[in-house]
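Notes for the one structure printed next.
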């Protein structure tokens, strides 16, 4: 029985496959931990909430990344946008810490959008260059040393504290998720985003201001990376160089695993959410298994390749 025979749409199939793979990871991890330790922490609500708290940072970055991937672009400046926002927020401190951090993301996103939409520089090249510039600026800002400033109380509260037993970072992720889902499904901006991703020239001829929409998408991506950086600094109690490096490829992987077409124009935000959960749980299970870093990276990559091959086969069968 195929997913098509179940009445699932083309966008639903990757989501179902990713959800089933999450179930496989949970079962496999539970069997392993029970056999080795005599317990099943993966099924503990406390453990799952802890993993979702950690996954909130990746989830926020992935939400912004999805916006640019949907218009057939990519943002490789995420690592140092995230780090720069965190470092500037902790440097400024006080009530201006979070606004300054978000301002960094807004400015970087605006620069990316203008360079790609108006100067017509390929996004992969332009954003990679911006990432290098941001890295150089932050090294100059710190003098090459690790930042000595700490996160504000508000940053620590948003990232590390809990309300009614639920991590506050999870509430922030939920708020971002609701906003992105509404934008994509209920607004004119969302319709334009999908139109540009499907065929930018056709969208332009239909009267869509494609350059303005492109700028908006990169600004949203920059803001998402900056917000994640501010929260991550609060969770870690400080900012540090290279703190964003671990979020670039996983954020792209979460979006693609969730069924968003890497060439743009198709994808649902629910899929990105499930992709984030899959990646977080996979990393968690590999950590519990005491898998060496090299082995974890190999398995991590193989899982992504396997799922993309499954999606590709599904597309060919449907065609």
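Including glycine, each Cβ sits where the backbone N, Cα and C put it.
All TrEMBL annotations are machine predictions without curation.
Quick caveat, the model's predicted, so the values are computed rather than measured.
Per TrEMBL, these features apply:
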TRANSMEM  15-35  transmembrane segment
TRANSMEM  56-76  transmembrane segment
TRANSMEM  96-119  transmembrane segment
TRANSMEM  164-184  transmembrane segment
TRANSMEM  213-234  transmembrane segment
TRANSMEM  246-263  transmembrane segment
TRANSMEM  269-286  transmembrane segment
TRANSMEM  298-314  transmembrane segment
| query | Near the transmembrane segment (246-263), which same-chain residues lie under 8 Å Cβ to Cβ, leaving out any that are not at least 6 residues past its ends? | reply | 11, 13-15, 18, 57-59, 61-62, 65-66, 69-70, 72, 74, 76, 78-79, 82, 197, 225, 228, 270-276, 278-279, 304, 307-308, 311
| message | Are there residues at least six beyond either end of the transmembrane segment (164-184) with Cβ under 8 Å to its Cβ atoms? List them, or say none. | response | 49-50, 52-53, 55-57, 59-60, 63, 66-67, 70, 157-158, 190, 193-194, 224, 227, 231, 235, 268-270, 273
| Can you name the far-off residues of the same chain, 6+ from the ends of the transmembrane segment (56-76), with a Cβ under 8 Å from a Cβ of it? | 82, 112, 116, 123-124, 127-128, 131, 167, 169-170, 172-173, 176-177, 180, 184, 193-194, 196-197, 200, 213-214, 217-218, 220-225, 227-228, 231-232, 235, 247-248, 250-252, 254-256, 260-267, 269, 272-273, 275-276, 279-280
